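As written in Swiss-Prot, here are the features:
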- 157, 158, 159, 160, 161, 162, 163, 164: ADP binding site (BINDING)
């Protein structure tokens, strides 16, 4: 497709708009366009809905191109206002609900905030996720080696290879208690698996990264330092990868993967239960 154009994309919801964003991004990623995203959560009353409609219309007037609108709104009167806008509107939930309704012979009972809201039925799961986040923060970057037996996975790797963001994503998105342990330059002269980790080898997962990418990341943090030199990065990566092989620790090269992809691959390789919240 040759005609690549910029498009304004709205993600609108009477809740958090997370569902609209996730599904909308998935759809838009199929097209070679540069988008300008506008997320508008908690559109719960007619006054706010009219303000949103005016915002959509204003962009259409300025650009002459219809904004794309992905929405998830329960109240019909709010939906009606959004549908009066100059945007190309897509109800992302109803597109799936309608055929399911026909297949299951059941009428849906839509309730605002059901997907990401708190209710008596999901309070225990929510508390477990918060506990996982607290645990992960307390065990980031080898801060604490206490209660490591409570971790569901322990990520290993050199500095700046993606351990912390991956650990936090596992905790926040899936409620996984993820600890992580760094191997630093001082470890490299005699790199061995720490004694505290040996009994937990079944929970260990190694991250590695291309030295060139690692050097570029470190250069942003400590410019022109030994820490960021390509020679140092090559040495550290080689030593850590040798450690993984020696101890038969499953590992993944994070260079070309997003945090979401890394986390999902870890869940799959380690056989951890995938729980969505």
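Any Cβ shown, glycine's included, is placed from N, Cα and C.
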Next on the checklist: Beyond the listed site residues 157, 158, 159, 160, 161, 162, 163, 164, identify every same-chain residue whose Cβ lies within 8 Å of the center of their Cβ atoms for the ADP site.
Outcome noted: 180, 182, 207, 209
Item to check | Per DSSP, three-state class assigned to residue 162 (ADP binding site) | outcome: coil
Checklist entry - Are there any residues in the same chain, six or more apart in sequence, whose C-beta is under 8 angstroms from the C-beta of residue 158 (ADP binding site), and if so which? => result 182, 183, 184, 208, 209, 214, 233, 236, 237, 240
Checklist outcome for this item: By a 10 Å Cβ neighbour count, the lowest-scoring of the binding-site residues 157, 162 is 162
Checklist outcome for this item: Top of the binding-site residues 160, 163 by count of other CB atoms within 10 A is 163
Next on the checklist: Taking every protein chain in this structure into account, which of the binding-site residues 161, 164 has the most other Cβ atoms within 10 Å of its Cβ?
Outcome noted: 161
